[in-house]
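Colleague: Below you will find the structure I want to go over with you.
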């Protein structure tokens, strides 16, 4: 059976202990599965949640390697199996209609901070008055910062107000388009997407693949806006640097309200962890919360995954989650920091590579090439050293860590929009790592 082959393949990619503790117990649920939706049963709800967080994506990838098609993978417990059978809709039908809105994504449980406040306020305003304010809305930022949460919060809020909501990823939109085109039923496709009150498109950057799909989306976009239908899109980059898009469609995107989400500051990460713990009824002491916030990087999904891992391990081993336990459990997940690399090393190498005096870096000079070099150093310091953002701010005599966030954001934007600059920064980073 293919499912057995997949688990055997997974066994070669993880430790024997991991396989015996978690994967060996999984039972393939043939009745609840199809080629697009794969279900495995675990021995308990807690175990199912942990395995899904840690291994579902790996299992889906192995299916793709074997079959050329990536399914959705669900790990469930026997107690929840009934609900899956009652609620499961064939994934082909889901992809041909809209993604199911996750009721857990609401404005109430979204943690707002300096890094996402503008996007949050715009999304809330759009939900309050769809088609009236800020239409269309374009939310952008790197992976794992909360774009999908905000998008679906708009959808759930509008759904509660009795609005017709279509929420799809760009991949689902493309599959839906192709299905209707091949079955000569484009009228139904257009009725669906052009007669809704709110259209939500997640990861719109992937629409830049096919001219026909772009043409269809362009016409859908125009008709919805003309009818005062609300459009909200998310992307991993600003509209102006999207690749592969027709200029007319790109121009429409650029006319949107642009709301970016940047990596969360420390206070926001702490608030996110506290909120997650409250929601899942998990107790973490302040030491552990601070440790996760400081060391887990900026990806909110990874932070939430770390909390689930901690709770699962602690429950299985029946121990309290102490700082030492957290450090030991999360050591493989914690983003590697290069303790032998410090700010002085980075300044020395960046100054040499960019032909700037090290003394100019810490000066108040606003000369463009010095400002850019300073920003690169701040960006690399956050990435490669153990220094916190407040420590970096203090080193450069900045008012607070928000100035550090601003400089990092500027470098990220440049790296996304300028391939030569991106390569230059990467080269410098590699030289620092080699020396460190």
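Cβ coordinates are placed from backbone N, Cα and C, and glycine is handled just like the others.
Pulled these features from Swiss-Prot for this protein:
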type    : residues           : note
BINDING : 144, 146, 147, 148 : ATP binding site
REGION  : 1-69               : region 'Domain I, interacts with DnaA modulators'
REGION  : 69-99              : region 'Domain II'
REGION  : 100-314            : region 'Domain III, AAA+ region'
REGION  : 315-436            : region 'Domain IV, binds dsDNA'
Colleague: 144, 146: which of these binding-site residues has the highest Cβ count within 10 Å of its own Cβ?
Modeller: 146
Colleague: Express the predicted model's confidence over the region 'Domain IV, binds dsDNA' (315-436) as a mean pLDDT, rounded to an integer.
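Modeller: Across the region 'Domain IV, binds dsDNA' (315-436), the average pLDDT comes out at 86.
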Colleague: Just give the helix, strand and coil counts over the region 'Domain I, interacts with DnaA modulators' (1-69), going by DSSP.
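Modeller: Grouping H, G, I as helix and E, B as strand yields 41 helix, 9 strand, 19 coil.
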Colleague: Using a 10 Å radius around its CB, how many other CB atoms surround residue 148 (ATP binding site)?
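Modeller: There are 21 such Cβ atoms around residue 148 (ATP binding site).
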Colleague: Does DSSP give residue 144 (ATP binding site) helix, strand or coil?
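Modeller: Note: residue 144 (ATP binding site) is coil by DSSP, not helix or strand.
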Colleague: Cβ distance under 8 Å to residue 147 (ATP binding site), same chain, sequence separation 6 or more: which residues?
Modeller: 119, 139, 140, 141, 202, 234, 261
Colleague: Counting by DSSP secondary structure, give me helix, strand and coil numbers for the region 'Domain IV, binds dsDNA' (315-436).
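Modeller: Counting residues by DSSP class gives 85 helix, 0 strand, 37 coil.
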